[in-house]
Amino acid sequence: MGGVREGSVITRKPIGNQSFNLSLPISSMSSLVNTVYSVRLSSSAEASCPPRNRRLAAKPSCISLNRRRLVVRATETDTNEVGAKAPDNAPAQSGSSFNQILGIKGAKQETNKWKIRVQLTKPVTWPPLIWGVVCGAAASGNFHWTVEDVAKSIVCMLMSGPCLTGYTQTINDWYDRDIDAINEPYRPIPSGAVSENEVITQIWVLLLGGLGLGGLLDVWAGHNFPVIFYLALGGSLLSYIYSAPPLKLKQNGWIGNFALGASYISLPWWAGQALFGTLTPDIIVLTLLYSVAGLGIAIVNDFKSIEGDRQMGLQSLPVAFGSETAKWICVGAIDITQLSVAGYLLGAGKPYYALALVGLIAPQVFFQFKYFLKDPVKYDVKYQASAQPFLILGLLVTALATSH
């Protein structure tokens, strides 16, 4: 039988060996139910009607319609009349303003252009870079708590954090706008909250600001060779080829995440150490080793983008290996790297520093099992907030060990 118009009920009444269907509007439902109820009463009374009364057409109470059946069928609904369901990960209208400023999930949708600009720079990603400068300064062995050294450190932190990390995050969002339209369509760029010209302007301002501060620091430190400027320039180039075609390093989960890890750990450390001392080959090797842990941290952020990465052909590790394998690669990269550094410190005759580093690895493993390994998508923010402080403290312990 074909589809039924919305708001209809069907009655089927056999006559002899034939039957026919009646389509009644839903507005007649009440009267139809009353009729059926009356018919049932008359049918029950029929047995008690005398034969002579049954032949009287004027006795409607004795009409026999006991074979009548009522069939009510579910009405079809035009799918065009049903509103689209919002994505599960879409932010509520009452989202957090704090999350919006930090550039993390659960952000309130904002219309203020300056707040949106700050959101694009993702301030939540600045602390590791700022901390890297602290570690580099500590590793140099030449930092002193004077006004001048503190001022130099602050300028170096501004270069590494708000300027160059902000540049990196903005340009990454720009080139990820098609993926974000799938995974997070409410983000500032795919949602249209910020225009193309505004994004391009922000990218250039942050890039030139960071490079300018790098050159200023070289002059301030009295460098004959502008090492900090070239570190800033190299990091900016790495950020560009990480996000932009044709190279787009992030298309390969291994290369892209290692490049990201080096940007977050090695480059700010090198800048801080070069500002106050000399950047030595052993420190370069040690920090690059630590960048493997940064690779693991970068993988954490890949889980929330699996669907979009798969559709856009990006071979992130969760896409290439599956979520179950990728989460173990992630924690393995983080833990094995730090244990290797602890072994290096032990072999270098720094057993107390090595023991302190192992003590900082233990809570990270605990939070990995408590949050990340259970559900890397649901608990990614909670895991990073719980475990990463111990990782960056481990960086400082390593820096102090290399300075003595």
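Here the Cβ of each residue, glycine as well, is placed from N, Cα and C on the backbone.
TrEMBL lists transmembrane segment at one of the ranges 328-346, 385-403, namely 385-403.
Checking the ranges 143-162, 223-242 against TrEMBL, the transmembrane segment annotation falls on 223-242.
Between the transmembrane segment (283-304) and the listed ranges 223-242, 352-373, 385-403, the one holding the most Cβ pairs under 8 Å is 385-403. Same-chain residues lying 6+ beyond the ends of the transmembrane segment (223-242) with a Cβ under 8 Å from its Cβ atoms: 156, 159, 164, 167-168, 171-172, 207, 210-211, 213-215, 217, 248-250, 256, 259-260, 262-263, 267, 270-271, 274-275, 279.
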